[in-house]
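Below: one structure, written as C-alpha cells.
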Amino acid sequence: MTIRNQRFSLLKQPISSTLNQHLVDYPTPSNLSYWWGFGSLAGICLVIQIVTGVFLAMHYTPHVDLAFNSVEHIMRDVEGGWLLRYMHANGASMFFIVVYLHIFRGLYYASYSSPREFVWCLGVVIFLLMIVTAFIGYVLPWGQMSFWGATVITSLASAIPVVGDTIVTWLWGGFSVDNATLNRFFSLHYLLPFILVGASLLHLAALHQYGSNNPLGVHSEMDKIAFYPYFYVKDLVGWVAFAIFFSIWIFYAPNVLGHPDNYIPANPMSTPPHIVPEWYFLPIYAILRSIPDKAGGVAAIALVFICLLALPFFKSMYVRSSSFRPIYQGMFWLLLADCLLLGWIGCQPVEAPFVTIGQISSLVFFLFFAITPILGRVGRGIPNSYTDETDHT
C-alpha cells in the first residue's frame, strides 16, 4: 500500500483505528467461555436503557401532581408507549441480572487479581452508579412504593455524623420528599446513564491494557486470536438468547418483577404495610435491615463496597481460577447461596425468624471477604503463566 493510500485508508483514521484496535483486532485468549460474554451484554443493556429512557422523557412530567398520570398517559395514549415503558422497567432488571452474573464470574475466576486491579475497581464504581441510577429512577413513577422508598432510603443519610441532616435536606430540596425531590431525581436519572457510558469506556480501556483473564487463570501472549470474527459470533449466541429471555418478560410477564403498590398514586398520609425496594436491591437491603441501628446499617452497606474494592489488593493468590482451588470454590458457592438467601430475606417482614436469618447471612457474606486472603495461601496449583518457573513454596 502506498503512502497516499495509507493516508486515506479508513482504518488509518484516529477514531476508526482505535475502534479497530479494541473491537476487531483485539487479541483475546482462545479459551474464553460464554461466561465472558456478559460484558458485551451489559453494554447492550445500557444502550437499551438510554434509548428507551430518552423517548420516555419526552412524555414524562416531573411534577408530583402530574408524574403518575404522565406514566399512565405513556401506557395508554402514546403509540408504542407501553412497549417503551416495559422495555425500560424490565431492562433495568435484565441489566442487573447481567451485571450480577458478570461480577460472580469475576469472583469465580479471580479476574480482580493483578494486574487487573483498576479494571475491578472501575467495575465496582460502575455497579454503585447503577444502584444510584436505578433507585432514583424507581422514584419517578411517583407511586406508593416510589414515594415511601425514596423517604426511607434518603433518610439513611441522616446517619452520617455532623453533615447527615444537611445532606437529607439537600436531597429532598426541603423538609420532606416533595416536588423538588422529584425534579432533582429526574435530572440526575437523565444524567447518570451518560456518566455510566464514560465509566464503561474507561473500564474497557483498562481491561484492554493487560488483556482479558481466562478460565485457566494463566497468562500467555501466544495463545490469542483476534476478537473478530471468532468472539463476535460467540457473543452473538448470547445476544440472541438474551433477546429471547428479555422478550418473554416484556410480552408475557411485564409486571412480575415490579411491585403492585406502585400502581397506586403516592399518598404521604398512607404508609404501605411493607416497604420493599426492587428485587435487585434486596441483598443489600437485607444487610441494611439486619443491623437495628441506622448508623450501623449504613456502615454495613459502605463496608460491602469497601470489601469489593479491597478484594484485588489481597496479595496472596498464586492461582487465579477456582477450578484449581477447591476450598475457595466451595466458599464461592456458599457466597452465591448466601446472596440468594439475603435476597429472599430482603422481601420478608422485619420479624422473627427473618431478622435472625438475615443477621447470620450478613455475617457469612462478610466472612467470605475476611477469609479470602487466607484461602489464597492454601493449596498449590498451576503457575501464573506458561513460562513461570517460580517456586512459591
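Glycine is no exception: its Cβ is also placed from the backbone N, Cα and C atoms.
Straight from Swiss-Prot, the features:
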type     : residues       : note
BINDING  : His88, His189  : heme b b562 binding site
BINDING  : His102, His203 : heme b b566 binding site
BINDING  : His208         : ubiquinone binding site
TOPO_DOM : 1-33           : topological domain 'Mitochondrial matrix'
TOPO_DOM : 58-80          : topological domain 'Mitochondrial intermembrane'
TOPO_DOM : 109-116        : topological domain 'Mitochondrial matrix'
TOPO_DOM : 142-178        : topological domain 'Mitochondrial intermembrane'
TOPO_DOM : 211-229        : topological domain 'Mitochondrial matrix'
TOPO_DOM : 253-293        : topological domain 'Mitochondrial intermembrane'
TOPO_DOM : 315-325        : topological domain 'Mitochondrial matrix'
TOPO_DOM : 347-353        : topological domain 'Mitochondrial intermembrane'
TOPO_DOM : 371-393        : topological domain 'Mitochondrial matrix'
TRANSMEM : 34-57          : transmembrane segment
TRANSMEM : 81-108         : transmembrane segment
TRANSMEM : 117-141        : transmembrane segment
TRANSMEM : 179-210        : transmembrane segment
TRANSMEM : 230-252        : transmembrane segment
TRANSMEM : 294-314        : transmembrane segment
TRANSMEM : 326-346        : transmembrane segment
TRANSMEM : 354-370        : transmembrane segment
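Highest Cβ pair count under 8 Å relative to the transmembrane segment (81-108), across stretches 34-57, 230-252, 294-314, 326-346, 354-370: 34-57.
Between the transmembrane segment (117-141) and the stretches 34-57, 230-252, 294-314, 326-346, it is 294-314 that has the most C-beta pairs under 8 angstroms.
Separating the Cα atoms of His102 (heme b b566 binding site) and His208 (ubiquinone binding site) is a whole-number distance of 17 Å. For the topological domain 'Mitochondrial intermembrane' (347-353), the list of distant contacts is 274, 276, 279, 282, 289: same-chain residues at least six beyond its ends, Cβ to Cβ under 8 Å. In this chain, the transmembrane segment (34-57) touches the transmembrane segment (230-252); three or more CB pairs sit within less than 8 A of each other, excluding pairs fewer than 6 residues apart. Residues 35, 206-207, 210, 213-215, 217, 311-312, 315, 317, 320-322 of the same chain lie 6 or more positions beyond the ends of the topological domain 'Mitochondrial matrix' (109-116) yet place their CB under 8 Å from a CB of it.
The transmembrane segment (354-370) shares the most Cβ pairs under 8 Å with 294-314, out of the stretches 34-57, 179-210, 294-314. Applying DSSP to the topological domain 'Mitochondrial intermembrane' (253-293) sorts its residues as follows: 15 helix, 1 strand, 25 coil. Long-range contacts of the topological domain 'Mitochondrial intermembrane' (142-178) within the same chain: residues 64, 67-68, 71, 135, 184-185, 259, 261-268, 270-272, 275-277, 288, 294-295, 297-298, each at least 6 residues beyond the stretch ends and with a Cβ under 8 Å from a Cβ of the stretch. Ranked by how many other Cβ atoms sit within 10 Å of their Cβ, the binding-site residues His203, His208 place His208 at the bottom.
Nonlocal intrachain contacts for the transmembrane segment (179-210), taken as residues 6+ away from its ends with a CB within less than 8 angstroms of a stretch CB, comprise 22, 26, 39, 42-43, 46, 49-50, 53, 57, 60, 62-64, 67, 115-116, 118-119, 122-123, 125-126, 129-130, 132-133, 136-137, 139-140, 142, 150, 154, 171-173.
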